[in-house]
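Data block below; observations after.
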Amino acid sequence: YSVDDDEKSLSSLEIIVPRDLADGFVNNKRESYKFKFQKIFDQEAKQDVVFDSIAKPVAECVLAGYNGTIFAYGQTGSGKTFTITGGAERYSDRGIIPRTLSYIFDQLQKDSSKVYTTHVSYLEIYNECGYDLLDPRHEPSRLEDLPKVTIMEDPDQNIHLKNLSLQQATNEEEALNLLFLGDTNRMIAETPMNQASTRSHCIFTIHISSKEPGSATIRRSKLHLVDLAGSERVAKTGVGGHLLTEAKYINLSLHYLEQVIIALAEKNRSHIPYRNSMMTSVLRDSLGGNCMTTMIATLSLDKRNIDESLSTCRFAQRVALIKNEAVLNEEIDPKLMIVQLKKEIQELKDELALVTGKERTSELSQDELLQLDELIETFLEDNDPDSTLDVGADMRKIKYCFVHVKQLMNHSKISDTKLLSQHISEEKDTNKEAGEEELKKMKELLQQRDNEINILVNMLKKEKKKAQDALFQLNAASAGSTVLEQSHSINLEESQSPSSCFSLKEAKDFSSSVHRQPFLSRQTGRKMSLGCQEAFEVFKRDHADSITIEDNKQLLNQRFTEAKRLGEKLNEVRNKINHLKGEINQRRIQRAALAISSPSEELYMLDPVEEKLRTQIEEEKKCYKTMFNRLKGLKVEIEHLQLLMEKVKVKLQKDFEVWWSEESINLQV
């Protein structure tokens, strides 16, 4: 291979594969493969050069408020974990994660114009299950003891990780301690391709929030540093057991990642299969979203790995076709905004009190309410169409007047000024005695009208010439009394209706304000691991009671076989006895038929054939009884052997648990 690192244009990598010139075959296989990338690092490149070229620009963008992602991709053993995390032998071998933490905290200390808070999280995806490597509740000894992380999605299709803890880190030392804690819990195994192969995908995330003092705007950004598990060809490595299962899950998740990359690179693609795997779901923003993403492709340029290296280069070029739209992540702090608004309201109240010379409260006083009622009453009684209701530049009074007039219009639609004023007075003092007094007055007025009518009738009799005029006055008086009576009845009905309508409306509003919320529950379970089961099988084989268990097992099998054979013989003897009894009955029927057809003395004597059959039945019964007693004895012996086997198994299980705990303690020491 050869690297053409031109600073003006893109760097290019050329891989040359010589043809296999076998005799008698035409080989037209391609020899040269050329790829272009933004930057190519040869095998002699140092970690600080890689950090300055790749991680430093992304870290600067994260400090400015943008999301960032750096992930390494390549086959197993090609150097992904060394690039992301680094080596443990020399300080200069530190990877991108510790160098990024050091750079970020250095920049935060230098920038005193903002208040920064930093949190970190460490997620491991092993066999398509997420685990929190920074669980603060306890230090697990096994991966199964870590809390499982599940994916939740809100209506806006934002991903939330349940059970993933966020640990605050105030300085570089705390962040590095959290990184080392998570690295100790990672799944590492030895494979034919790599002595310390990471068997899981790990995502180390740095969350940074910044705010200027006194400002309500908060900037939130996050930096994903992803160490993917290496792809491997099972046919080439020849792994089996746990390693084979892990390789299946690793290759499947990388296949789904490639599907997402291909779908994003295609134009007019409506569906992107993010939900196929947990890793693509977590990295949804990093792949085609609000993020500045950088991919590191690691190659193992060896003759046997040439196919994997070419595949990695093609995959990296597909990733380069994706276009992300990174935006500045700013949001308003609601608590600080509430404080600022309250302060602004108080300042406006103070200015208003300074201008008007009056201290203004949120509610009107009783005197102000009475004054407004008088102004409204005067305004309604005034027949001048150009009259106005002037309450001043006070929104509280204006709102009260509108509400009051609206209530009047809803409760009473009578246009008469006297009835409106009467309705206003009744609304102020809803007393039944006032209504009774008004009714009494109306009755007295009616009686007075009746008396006037009687007087007019007498005048008609005395003065016939004025009969027509008197009759007209009589009709006018009776009509006036009828109108007054009708108006009074209508007034009484109207005075009772508003309170009932208003109470019904209040009840309806109150009944519509009920709300309930459901809640969830969950359960978890545990079981013995495969490694513990294998250790138990070895322990059982080397245990002192294993010979006793095998002897008892063989003896139990022999007794089961003997009991089965005795059971079959008992069935045969029972069938034989039943058959002999049938022959005796048949013999008796034949003799009875002969005695009826041709009687003789011989028929009344003992039948030697029947006696012989009876003798055979007795012998079979003795044999049946003997075998039955033997079967009962075997049953007791089998139950005893089973009890012994159960006791030995329980003892073996307890011995194994004691031995297992002792071995665990010794290993920890």
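Quick reminder: no glycine exception, Cβ is built from N, Cα and C everywhere.
Lifted from TrEMBL, the feature list:
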BINDING   GLY74, GLN75, THR76, GLY77, SER78, GLY79, LYS80, THR81  ATP binding site
COILED    432-477  coiled coil
COILED    563-590  coiled coil
DOMAIN    1-322  domain 'Kinesin motor'
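The most densely surrounded of the binding-site residues GLN75, THR81, judged by C-beta neighbours within 10 angstroms, is THR81. Sequence-distant contacts of GLY79 (ATP binding site), defined by Cβ-Cβ distance under 8 angstroms and a gap of at least six in the same chain, are THR298, SER300. For the coiled coil (563-590), the predicted model reports an average pLDDT of 89. A C-beta separation below 8 Å, combined with a sequence spacing of at least six in one chain, links SER78 (ATP binding site) to GLY230, THR298, LEU299, SER300, THR312. Considering only the binding-site residues GLY74, GLY77, the Cβ with the fewest other Cβ atoms within 10 Å is that of GLY77.
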